[in-house]
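Chemist: Have a look at this one.
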Amino acid sequence: MSEETATSDNDNSYARVRAVVMTRDDSSGGWLPLGGSGLSSVTVFKVPHQEENGCADFFIRGERLRDKMVVLECMLKKDLIYNKVTPTFHHWKIDDKKFGLTFQSPADARAFDRGIRRAIEDISQGCPESKNEAEGADDLQANEEDSSSSLVKDHLFQQETVVTSEPYRSSNIRPSPFEDLNARRVYMQSQANQITFGQPGLDIQSRSMEYVQRQISKECGSLKSQNRVPLKSIRHVSFQDEDEIVRINPRDILIRRYADYRHPDMWKNDLERDDADSSIQFSKPDSKKSDYLYSCGDETKLSSPKDSVVFKTQPSSLKIKKSKRRKEDGERSRCVYCQERFNHEENVRGKCQDAPDPIKRCIYQVSCMLCAESMLYHCMSDSEGDFSDPCSCDTSDDKFCLRWLALVALSFIVPCMCCYVPLRMCHRCGEACGCCGGKHKAAG
């Protein structure tokens, strides 16, 4: 691969986790570390094409941390088969190649799964199906622009007395409305001296200026009907105070996109508050702040300074101080286990499913559920080593009855397995009451 692929940019990365890269050994029917054991930095990223047509290639790259050796490098495709066997082990299949990752925590596994899903969505929506379709769409757009520009020119230059010397200009690249209007205004002023009138005794200069103003008003009307770019008379855009600017973490945005689907009500109040804040103008006189003014003439009155659009911005090189947290809904932090935001006032036991739960672990060991999982892995797993949860009540599974019969038979050999169901029900009641389960832990 090229150096650009090897050193992917942070803006083009979808996920970056630490895991052990595994490969499938068909001879033994198990998974072995790829390229030797060791923790690797695995990244899902894209490499845009240089043609700038919106297409890109998506890769999964694994680099071992101890010696910087590339142990995994594969390109993502639409026909990817992704399996989540356990919370800390996922594997996928591309063509005839099988790879897997053993993660350090379930949060890393979910972050990698979200990155894979986003990459597959971008692969499905990113590029057109064929090059001929893209060229056909460009030709159709160019023909529409040619027809519209020819109608404007015929309407504007239908006077026979005007002698034009304007060079030919291709209509494939369409200028902006303001640039086109300014260019034609200069053209009108330059052509005013070439207009001749048959009646002597009239002021040629005044007639020329009237003609120019009339053509400019017609051109403004045509631009309004075609482009429909409304402009406000005066618009003031100002920024908040330095202490009220909130620093945005790109990782928070990356994780928040998929968290919104699982917890849509969590961000509803924040979005409504952001919309309300966007309509409020903050104005604070400060001599240290630098403002830049950009004026753009109005469509109907080009020479009027009152109808100019004024944008006030601050230089981007200004250092931003630490943000002040909002106190309306309590202090919110991000959990280090599930990467979700939580409120400290509502953080009780049972809120985080990925946090360490010693009671649940004790129930798992006392009831000897490891024996049940071992039996299902060796007797009822598929070719990829996947098997259903031992106590799953999903009747759509084709081995539902056989699995429960095997568990009942195994319970006669290991009687302590019968304690799992009542203990697990008591544990769930404790989670509902806030007495059992894991709690969120703030990052940092």
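The count begins at 1 with the first shown residue.
Cβ atoms are placed via backbone N, Cα and C, with glycine included.
In case it's useful when we look at the structure, here is the feature table from Swiss-Prot:
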MOD_RES   S2  N-acetylserine
DOMAIN    6-123  domain 'WH1'
COMPBIAS  135-147  compositional bias 'Acidic residues'
MOD_RES   K224  N6-methyllysine
DOMAIN    233-285  domain 'KBD'
MOD_RES   S238  phosphoserine
MOD_RES   S308  phosphoserine
REGION    333-444  region 'Required for interaction with TESK1'
DOMAIN    334-442  domain 'SPR'
Chemist: For the domain 'SPR' (334-442), would you mind checking the mean pLDDT of the predicted model?
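Modeler: PLDDT averaged over the stretch: 86.
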Chemist: For the domain 'SPR' (334-442), how many residues does DSSP put in helix, in strand and in coil?
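Modeler: Its residues fall into 56 helix, 8 strand, 45 coil.
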Chemist: Can you tell me how the residues of the domain 'WH1' (6-123) break down into helix, strand and coil by DSSP?
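Modeler: Taking each residue of the domain 'WH1' (6-123) in turn, the totals are 22 helix, 60 strand, 36 coil.
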